[in-house]
Amino acid sequence: MTNYAIILAAGKGTRMKSDLPKVLHKVAGISMLEHVFRSVSAIDPEKTVTVVGHKAELVEQVLAGQTDFVRQTEQLGTGHAVMMAEPVLENLTGQTLVIAGDTPLITGESLKNLIDFHINHKNVATILTAEADNPFGYGRIVRNQHDEVLKIVEQKDASDFEQQIKEINTGTYVFDNARLFEALKNINTNNAQGEYYITDVIGIFRENGEKVGAYTLKDFDESLGVNDRVALATAESVMRRRINQQHMVNGVSFVNPHATYIGVDVEIAPEVQVEANVTLKGQTKIGAETILTNGTYIVDSVIGERTVITNSMIEESSVADGVTVGPYAHIRPGSSLAKDVHVGNFVEVKGSSIGENTKAGHLTYIGNSEVGANVNFGAGTITVNYDGQKKYKTIIGDNVFVGSNSTIIAPVELGDNSLVGAGSTITKDVPADAIALGRGRQINKEDYAKRLPHHPQNK
């Protein structure tokens, strides 16, 4: 049978106290809405309709081209939100999943199980439920002696007996598509909130003697709806635990998984060692047998095998096999480090390519440069790439030796096998195999220091 999905993403999220629409707040690096959409994709819906409202344009940008959008200009409840999808889904045959966009922990596996349960039991509606240790505040699932769902009763309306029920409504449902939109025509706003409730549809089905079922989640965490920053932090914690556990199952070692942040799209090969306080974000990929030490931060970068990154930052760059970086190095966007490069402490690389086996051990800036293989940068080397208006490129060939405290002012090229003397300021090209000395000649004035007031003999 054909599946459809409706994602409810129109709410403002007042309790978040944010200008950002609630569903766009991030968990593990992507928005809650994206988490929900990815999970919904597991049921392979023929059509997905996302209901937007508050700051609709921002929400639509996140899933542009991936879903149909309809707008709920007035926030008149969950039932009203689902009504907005009628022009897209009416008269279609199949079952429709209705899910809130602020439930980032729900998994695709659970949604597939929900759909299968709905079909196998020939229900007109199926409620996704969970068993809560503390059900206070949730709608309760009331069943009869045959374990059939009778109704959903809200906390404020529940009797003393009903308040003892642990099974709660998660706010996710599957409906026979045609019957859903027929029933929506019969709900009203005769309630304390003056809104159209999707739960009223369940009551209509029961009154008609139609079959309503409930599928219970195995993991209560999946039911979490995020309405404030406290719940957002809870979702982040649960998602981080899931992600790290999966990496450990796949052969990655964590010194302290509770103090490690790995984004949902990060890929890590087996035999990688991750120490505490490491952050990996975006589309980062880490190769096998790499070591990431305490405090390392990597975003949208590809790291090769057998590399060692020590307490350093790497952004939007590529690092090949056998490279060592840090401590306290910064590899900025647009950089690439070839095999066996060493970038040491307090070295910054920006928008540059560095060839195999090149070494910049300490206190060096390499910007907008193309550096060959087997180059050695002495301590304090600076490529000067900016004149206040434009940035210029430095080209350094293979097997070049740059002495300490040298300043290389771009645009300039150092030829293969050339050598720059320590303390030089280079403003012109250096031919291959040449030695460049760009510093003032040293002059020694004998006994001149004795004339100075601080000399020992003058005290």
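Don't overthink the numbers, they just go from 1 along the chain as shown.
Heads up, the Cβ atoms here are built off N, Cα and C, so glycines get one too.
Residues annotated as active site, proton acceptor in Swiss-Prot: His362. What Swiss-Prot lists as UDP-N-acetyl-alpha-D-glucosamine binding site is 8-11, Lys22, Gln72, 77-78, Gly139, Glu154, Asn169, Asn227, Arg332, Lys350, Tyr365, Asn376, and the listing cites sequence analysis. Per Swiss-Prot, the feature Mg(2+) binding site maps to Asp102, Asn227. If you look up Swiss-Prot, you'll see Ala379, Asn385, Tyr386, Ser404, Ala422, Arg439 marked as acetyl-CoA binding site. If you look up Swiss-Prot, you'll see 1-229 marked as region 'Pyrophosphorylase'. Positions annotated as region 'Linker' by Swiss-Prot: 230-250. The feature region 'N-acetyltransferase' is assigned by Swiss-Prot to 251-459, with sequence analysis given as support.
Neighbours of Lys22 (UDP-N-acetyl-alpha-D-glucosamine binding site) among the binding-site residues Asn227, Ala379, Tyr386, Ala422, Arg439, defined as a Cα within 10 Å of its Cα, are Asn227.
A 10 Å cutoff on Cβ-Cβ distances gives Asn227 (Mg(2+) binding site) a total of 15 other Cβ atoms nearby, all chains included.
Mapped onto three states, the DSSP output places Ala10 (UDP-N-acetyl-alpha-D-glucosamine binding site) in coil. Here the region 'N-acetyltransferase' (251-459) has a mean pLDDT of 97 out of 100. Candidate binding-site residues: Tyr365, Tyr386. Fewest other C-beta atoms within 10 angstroms, Tyr386. With respect to Cβ neighbours within 10 Å, the binding-site residues Asn169, Asn385, Ser404 differ, and Ser404 shows the lowest count.
Neighbour counts of Cβ atoms within 10 Å were compared across the binding-site residues Leu8, Ala10, Ala379, Ala422; the minimum falls on Ala422. Lys22 (UDP-N-acetyl-alpha-D-glucosamine binding site) falls within a helix when secondary structure is assigned with DSSP. The sparsest Cβ neighbourhood within 10 Å, among the listed binding-site residues (Gly77, Gly139), is found at Gly77. Ranking the recorded positions Arg332, His362, Tyr365, Ala379 by the distance of their Cα atoms from the Cα of Asp102 (Mg(2+) binding site) places Arg332 first. Across the structure, Tyr386 (acetyl-CoA binding site) and Asn227 (Mg(2+) binding site) are spaced 48 Å apart at their Cα atoms.
The most densely surrounded of the recorded positions His362, Arg439, judged by C-beta neighbours within 10 angstroms, is His362. Largest Cα to Cα distance within the recorded acetyl-CoA binders Ala379, Asn385, Tyr386, Ser404, Ala422, Arg439: about 22 Å as a whole number. Other Cβ atoms within 10 Å of the Cβ of Asp102 (Mg(2+) binding site) number 26 in total over all chains.
Under the DSSP three-state reduction, His362 (active site, proton acceptor) is assigned to strand. Local packing around the binding-site residues Lys22, Arg332 was summarised as the count of other Cβ atoms within 10 Å of each Cβ; on this measure the leading residue is Lys22.
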